[in-house]
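Over in TrEMBL, the protein carries these features:
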type	residues	note
DOMAIN	24-471	domain 'Topo IIA-type catalytic'
ACT_SITE	Tyr105	active site, O-(5'-phospho-DNA)-tyrosine intermediate
COILED	406-433	coiled coil
Amino acid sequence: MNIKTLLRDNFLQYSSYVIKDRAIASVIDGFKPVQRRIIHSLFEMNDGNFHKVANVVGNTMKYHPHGDTSIYEALVNMANKDLFIEKQGNFGNLLTGDPASASRYIECRLTPLAFEVLYSKEITTYEPSYDGRNAEPLIFPAKIPVILIQGSEGIAVGMAAKILPHNFNEILRAVKSELLGEAYKLYPDFPTGGIVDVNEYADGNGKVLVRAKIEPTDDNKAILIKELPFGETTESLIASIERAIRKNYIKVSSINDFTTENVEIELTLPRGVYANEIIEKLYHYTNCQVSISVNLLLLSDRYPVIYTVTDIIKFHAEHLQKVLKMELELERSKILEKIFSKTLEQIFIEHKIYKILETISKESDVVDIVMSEIVKYGDRFSRKIVLDDIENLLKIPIRKISMFDIDKNNKDIQILSKELKSVESNIESIKNYAINFIDKLLAKYSKMYHRKTEISLIESKNAREIATKNMKIYVSLKAGFVGTSLIDGEFIGNASYYDKVLIFKKDSYILKNIEDKTFIEKNNVSVLVYDINNSKEQVFSIIYLNKVDNFYYVKRFRIDKFLTDKVYYFLNKDDEFIDFTFNAQFVAFSTSRDVVKMIDINNFMIKSRISVGKRISNNIIKKVKFK
């Protein structure tokens, strides 16, 4: 085998293993293998009491070959979803990011919901564990779309899954609506609350925009962050705010974290800065607003498939009926078997078949003789009588025979027959039975799962629009420098991070980024702070002499090119620069004949920077003044 074949085969095996057995959850029960093994261990250990997480981890290691750390982390993560695992002790804090205590100090057990929607041992398929010593479930026959309720995230070879959590009640109502043929819409609901914009959420794919809930204090001098964006903690959010403060994007005098059971981060504002000015900047410059891309990738028959939320609801509406029908058929079989056993015992005792045993001399004939007597009543049985049934009859103790109550036995059979009719009726109307099952779950658990995240259209402003002009810009035309740190420079204006420095020469202009100190050459005509957002409002006026026809011209233009460090010419080689200004309305000039003229240049058309200007004089202009 050559190295190419070896690498290909091993890579394919590794890729397949990571996709199928590590990173991607199943569409049926919503679990990755480690999660399924944890739940299986808790079912296995269940005695109604809490168990040390360390013991649960140890028991799960019988099924999971990747060490205790991955099991512990997965268990804590599942427990904090408050769905199938009940916690006791410090399991960390989703809001602050504080870690859970060591596994020996915390305890857990399964919730009643886990038994109602996951556990059905008799219809669960099991397979050998990794070492062949134990059996583990291939998949749980989940009765609800677990994957949509708790969400999931995983990175495999060449693919990644990002599934957002949804509200328990809304998911169950959607399954019910699907069973009834009614319309429904589902959107994410996050444990940290916040605000979500689902404008680009494509039924489980696409992306969502999530925001923290922020409100000003009554005096408008401080800001309170009350809920977090999904995926953020108070620690990570405060760190992003501190970064924005260091970069001068926002001004905050102090940050106080008062978070306990609910989020409360207080941002105290300096004098002269008000809350409504800062909130929009928090959304733009910090993790108070984040965009989350989602990809609803799941395993179906051990193959990765991209679903939509609607696909999963439809799948689980059918799957629920299938699982419930299997359970009902199993229950029907058990009831029929009970009726069969009670009928068999009654015939054996009522017709005194047991007394025949006194007349039989050979032990080998006992079973055959009893069988021959029992089969005479075969029309009363729901199935064929087998040897094991006769063996069970022969084991009935004398005390039970002597104390047997025929009337009570008949009543028991009647009760079982009613139960059988009810089960068979449910099987025939399995859709209604499934709807009733959903209704019972909602009646029992709906109060525990209120929606936490507000759905709203987020209207984001352009970052340039909200940028604070908090940098002071200085220039030294003689020295040929511009920047924020010139000691002896002339102050030319305040600028934001997005502004540029506009440098006018006698025939061209150039835009530069704002830095501490930038060399711009000497003898420039003018240096300005330039706000690209207001480029349509700023009109520049140039007076120049065309040396070919000896006429003086005024040209009005706007900046139309914005690439930094590139020279843009506005005069030709045959033109001589006379004067320059911006946003002027009038120009007054005197000629060599001592004639003074004033022209309203607002009447002149605004053209491109390379166009020819408007003639204003053929006499030599001695002095120019713009107004």
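Note: Cβ is positioned from N, Cα and C throughout, glycine not excepted.
Mean predicted confidence for the coiled coil (406-433): the pLDDT average there is 95. Beyond the ends of the coiled coil (406-433), by six or more residues, the same chain brings 179, 321, 324-325, 328-329, 331-332, 335-336, 338-339, 342-343, 345-346, 349-350 to within a C-beta distance below 8 angstroms of the stretch. Sequence-distant contacts (6 or more apart, same chain, Cβ under 8 Å) of Tyr105 (active site, O-(5'-phospho-DNA)-tyrosine intermediate) comprise Gly89, Asn90.
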